[in-house]
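**Q** Just dropping this structure here.
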Amino acid sequence: MSGTLVLVRHGQSDWNLKNLFTGWKDPDLTALGVEEAKTGGKALADYGIKYDIAFTSVLTRAQHTLKIILDEVGQPGLETIKDQALNERDYGDLSGLNKDDARAKWGEEQVHIWRRSYDVPPPGGESLRDTGARVWPYYLTEILPRVLAGQKVLVAAHGNSLRSLVMVLDRLTKEQILALNLATGVPMVYKLNADSTVASKEVLGDMSGAH
């Protein structure tokens with residue numbers, strides 16, 4: 001068995017609260033989001049991992065979540081790599097719009113297709129497949145080799161960028177990944193085999209409230 005990979009979605013952001021499409025826009029965490037990150041950090045502290053390196057996106061909500069978690073686990077100075085490859089899915093023309101307003105403009109069925117299909121992007125944006133096309137190569141070149149070398153790696157990112165990873169790690173079909181939501185601030189701990197397959201997965205919290 002090789003190293004450990006921990007994935008955690010950022011805590012609730014201001015735009016999550018306001019029901020806006022966020023994508024690459026850059027709101028910070030709400031007070032609840034801060035508490036979610038602290039809860040996730042405490043769960044990881046109790047789990048007892050000491051990390052070798054962390055990865056996050058270039059967006060504030062993921063970086064803030066990571067900072068809170070690192071404080072909770074007692075590693076505030078941990079080496080951190082920030083890359084837009086881990087950014088949230090780009091919602092294009094939907095970014096910044098209220099989801100109800102978008103439904104009024106384009107119709108509920110069309111917005112549902114953009115949100116929940118695997119390979120149909122919104123205007124000017126990315127589909128989940130597009131998101132995976134940048135996340136997965138980055139994982140293979142930058143993150144996986146460290147895990148296979150025995151390192152313990154923490155990744156704080158976004159719902160769709162992490163779903164792109166979970167889809168491959170958990171060997172989910174397109175239909176299964178579209179039905180999967182990741183709760184904010186809830187860590188997932190993967191232990192990998194030497195051939196990069198998953199030896200075990202633990203969820204440190206409640207995924208039932210995911211949205």
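Yeah, the Cβs are placed from backbone N, Cα and C, and that goes for glycine too.
The active site, tele-phosphohistidine intermediate annotation in Swiss-Prot covers His10, and the record cites sequence analysis as its basis. The active site, proton donor/acceptor annotation in Swiss-Prot covers Glu88. If you look up Swiss-Prot, you'll see 9-16, 22-23, Arg61, 88-91, Lys99, 115-116, 159-160 marked as substrate binding site, on the strength of sequence analysis. Taken from Swiss-Prot, the feature site 'Transition state stabilizer' applies to His158.
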**Q** Measuring Cα to Cα, tell me the gap between Arg9 (substrate binding site) and His158 (site 'Transition state stabilizer') in whole angstrom.
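**A** That comes out at 5 Å between the alpha carbons.
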**Q** List the same-chain residues at least 6 positions away in sequence whose Cβ sits under 8 Å from the Cβ of Arg89 (substrate binding site), in sequence order, or say none.
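**A** Result: Gly23, Gly125, Glu126, Ser127, Leu128, Asp130, Thr131, His158, Asn160, Ser161.
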**Q** If you draw a 10 Å sphere around the Cβ of the residue listed as 'active site, proton donor/acceptor', how many other Cβ atoms fall inside it, taking every protein chain shown into account?
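**A** Other Cβ atoms within 10 Å of the residue listed as 'active site, proton donor/acceptor': 26.
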**Q** Which residues does Trp15 (substrate binding site) neighbour through Cβ under 8 Å, counting only same-chain ones at least six apart?
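**A** Phe21, Thr22, Lys25, Pro27, Gly96 - these are the non-local Cβ neighbours of Trp15 (substrate binding site), listed in sequence order.
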**Q** In terms of DSSP three-state secondary structure, what is the assignment for Arg9 (substrate binding site)?
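**A** In three-state terms, Arg9 (substrate binding site) counts as strand.
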**Q** Given the binding-site residues Gln12, Lys99, Gly159, tell me which ones have a C-alpha lying within 10 Å of the C-alpha of Glu88 (active site, proton donor/acceptor).
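**A** Taking Gln12, Lys99, Gly159 one by one, the ones whose Cα falls within 10 Å of Glu88 (active site, proton donor/acceptor) are Gly159.
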**Q** When you measure from the Cβ of Lys99 (substrate binding site), how many other Cβ atoms are you left with inside 10 Å?
**A** 14
**Q** Looking only at C-alpha atoms, tell me how far Lys99 (substrate binding site) is from His10 (active site, tele-phosphohistidine intermediate), rounded to the nearest Å.
**A** 20
**Q** As a test of the contact definition, list every same-chain residue at least 6 positions from the residue listed as 'active site, tele-phosphohistidine intermediate' whose Cβ is closer than 8 Å to its Cβ.
**A** Leu29, Gly33, Ala37, Arg61, Ala62, His64, Thr65, Ala156, Ala157, His158, Thr184, Gly185
**Q** Any same-chain residues 6+ apart from Gly159 (substrate binding site) with CB under 8 Å of its CB? Would you list them in sequence order, or say none?
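**A** Within the chain, Gly159 (substrate binding site) has Cβ neighbours under 8 Å at Arg9, Glu88, Asn181, Leu182.
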**Q** Could you check what DSSP calls Gly23 (substrate binding site) once collapsed to helix, strand or coil?
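**A** Coil, per DSSP.
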